[in-house]
Amino acid sequence: MPKCPKCNKEVYFAERVTSLGKDWHRPCLKCEKCGKTLTSGGHAEHEGKPYCNHPCYAAMFGPKGFGRGGAESHTFK
């Protein structure tokens, strides 16, 4: 029986979500930064951990520079 990488408990077929090559419990597959529940294949991965594509993964690991969340980024109101 496979174990969930988040909670390390057994994952039964009825509650299984497969993502990143592993079987997860549906509520355990969450973005590491914001905690949003993710869907299989609908997210990004960094060092084996799931992240929502936008805004978390893009802000943390995407291109940096003007207008991209880096040091030179500005928000106008």
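Backbone N, Cα and C atoms are what each Cβ position is placed from, and that goes for glycine too.
These come from Swiss-Prot:
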DOMAIN    2-63  domain 'LIM zinc-binding'
MOD_RES   K9  N6-acetyllysine
MOD_RES   K22  N6-acetyllysine
MOD_RES   R68  omega-N-methylarginine
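Mapped onto DSSP helix, strand and coil, the domain 'LIM zinc-binding' (2-63) counts 15 helix, 18 strand, 29 coil.
Listed in sequence order, P2, C4, P5 are the same-chain residues six or more apart from K22 (N6-acetyllysine) with CB atoms under 8 A from its CB.
Counting only residues at least six positions away in the same chain, the Cβ atoms of K3, H25 sit under 8 Å from the Cβ of K9 (N6-acetyllysine).
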